Amino acid sequence: MARPWMPTLALVALCALLGVAALATARAQELSPAYYDGSCPNLYDTVRRVIQEARTADPRIPASLLRLHFHDCFVNGCDGSLLLDDTPTMASEKDATPNKGSARGFPVVDDIKAALENACPGVVSCADILAIAAEISVELAGGPYWRVMLGRRDGMTANFNGADNLPNPTERLDELRQKFADVGLDVTDLVALQGAHTIGRAQCRFFQDRLYNLSGTMRPDPTLDQGYLAELQQRCPAAVSDNMALNNLDPPTPDTFDNSYYANIQCNRGQLRSDQAMLSAPEEGAAATVPIVGRFAASQADFFQSFATAMIKMGNIAPLTGGMGEVRRNCRVVNGN
C-alpha cells in the first residue's frame, strides 16, 4: 500500500497534464488583438486585399484558407508548421494523408506574406497570417466577425506524424470528440467548427464508401437521404476509384457562410460521415450533439456566436510566444535555410 505522503503515478501524471495546460493558457493570455497596431497598422487591409483578389479568381479560397488554420492548430498548436516545405531532414505536414492532394491555398499565403514583408518586414508571423486569413475569409463569405488574438510566433519544425492523425471525415463521432477534447475544445466547439463545411468542397474519395460499401457491407449508408444518395452516386461513380471530383458540402449555398449546413444534416443530407454522425450515430455519442445541431439549424445568430467563440479557442491552442520560435521571412522555410 502506498504511503500517504507518496504521490501515486496517476497523480503525478495529472499534475504534469495540468502543468502543460497551465502553460498553454499562459501563452494564450500573451496574445492580443492589438499586437500589431503599432508595428504593422495596415495589417488587416493588406491581408483582406490579397484574399479578395484571390477569391475573385477562385471562389474556393476562403474555405481553403479556413481549413489551413484548422489543420495548423491541431498539429503542434497554432505555429505555422503546416506551411513548411520538405527538407532533407524534415517531412512536410503537407504530405500527410489528411493534407496531401486536398490542403490548398498555400500560394495565397505566400502572396499575403510577400505583401506584409513589403509593408512591415520581419514583423508578422506566418501563424498569425493563417489566423487572420481565416477570420477575413469567413467574414467575406458572409459569416461572423471576431477579434483575432495575435502575437504567435512560428515553429521551427513540422510534425508529419501529428498531421497524419488530424481529425478526418471517416472517423467515428466519439473519436472526433476525443481529438477535440485533447486540444481543449468541447462538444459545442466541435459542432460549431464542423459548420465550416458550409463553404467547403469534398473530393468523392472522402465519402465514396458511404455511397456503395459502408463498412464492407456492400450497401450504401442507410442514413443518407435517398434522393441525395442518387445525386452523389451520379457524381461519384463506383467504377472510378480514388475519385478526386469535387462536391459542394452545402449545395444550397456553397459559397455563403450560413447555417444551412445544419438544416442539410437534419434532412439526412450530410455529405461526410463526420457531418451526418452528429445527428444519426447514437451509438457514437450523438445524444450530445443532436440538440446543438438543432440549435444551430434554428438560429444562424447562435451558430455564428458559437463559431466565433470556437475559432478564438482553437487559435489559442499552444501558441509560441515571447522568445519562442521565430518570425519567418518565408512561410515555407525556417529562417537561415
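Going from the start of the chain as shown, residues are counted 1 onward.
Just so you know, glycine gets a Cβ as well, placed from its N, Cα and C.
Feature annotation from TrEMBL assigns active site, proton acceptor to His71. Under the heading Ca(2+) 1 binding site, TrEMBL lists Asp72, Val75, Gly77, Asp79, Ser81, Glu93. Residues or ranges marked as substrate binding site by TrEMBL: Pro167. If you look up TrEMBL, you'll see His197 marked as heme b binding site. What TrEMBL records for Thr198, Asp250, Thr253, Asp258 is Ca(2+) 2 binding site. The disulfide bond annotation in TrEMBL covers Cys40-Cys120, Cys73-Cys78, Cys126-Cys331, Cys204-Cys236. TrEMBL lists 30-335 with the feature domain 'Plant heme peroxidase family profile'. The signal peptide annotation in TrEMBL covers 1-28. Among the features that TrEMBL reports, site 'Transition state stabilizer' is placed at Arg67.
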Reported mean pLDDT - the domain 'Plant heme peroxidase family profile' (30-335): 96
Have a look at the disulfide-bonded residues (Cys73, Cys236) and report the one with the fewest Cβ neighbours inside 10 Å. Cys236
Near Asp258 (Ca(2+) 2 binding site), how many other Cβ atoms are within 10 Å of its Cβ? 19
Among Cys120, Cys331, the disulfide-bonded residues in question, whose Cβ has the most other Cβ atoms within 10 Å in this structure? Cys331
Check the Cα-Cα distances from Thr198 (Ca(2+) 2 binding site) to the recorded positions Cys78, Glu93, Cys120 and tell me which is shortest. Cys78
For a quick check of packing: other C-beta atoms within 10 Å of the C-beta of Cys78 (disulfide bond), how many? 29
Other C-beta atoms that fall within 10 angstroms of the C-beta of Glu93 (Ca(2+) 1 binding site): 28
The recorded positions listed are Cys40, Arg67, Cys120; by CA-CA distance, the one closest to Glu93 (Ca(2+) 1 binding site) is Arg67
Gly77 (Ca(2+) 1 binding site) has its Cβ surrounded, within 10 angstroms, by a count of other Cβ atoms equal to 22
Rounded inter-Cα distance in Å - His71 (active site, proton acceptor), Cys204 (disulfide bond): 20
Quick one: of Cys73, Val75, Asp250, which recorded positions lie within 10 angstroms of the residue listed as 'heme b binding site', measuring between C-alpha atoms? Sequence order, please. Asp250
Looking only at Ser81, Thr198, Thr253, the binding-site residues on record, which one has the least crowded Cβ, with the fewest other Cβ atoms within 10 Å? Thr253
Between Cys40 (disulfide bond) and Asp79 (Ca(2+) 1 binding site), how far is it from one CA atom to the other, in Å? 20
For Val75 (Ca(2+) 1 binding site), which residues of its chain lie six or more apart in sequence with Cβ-Cβ distance below 8 Å? Ser81, Leu82, Glu93, Asn159, Gly162, Ala163, Leu166
Hey, of Cys73, Gly77, Asp79, Pro167, Cys236, which of those recorded positions are within 10 Å of Cys126 (disulfide bond), Cα to Cα? Asp79
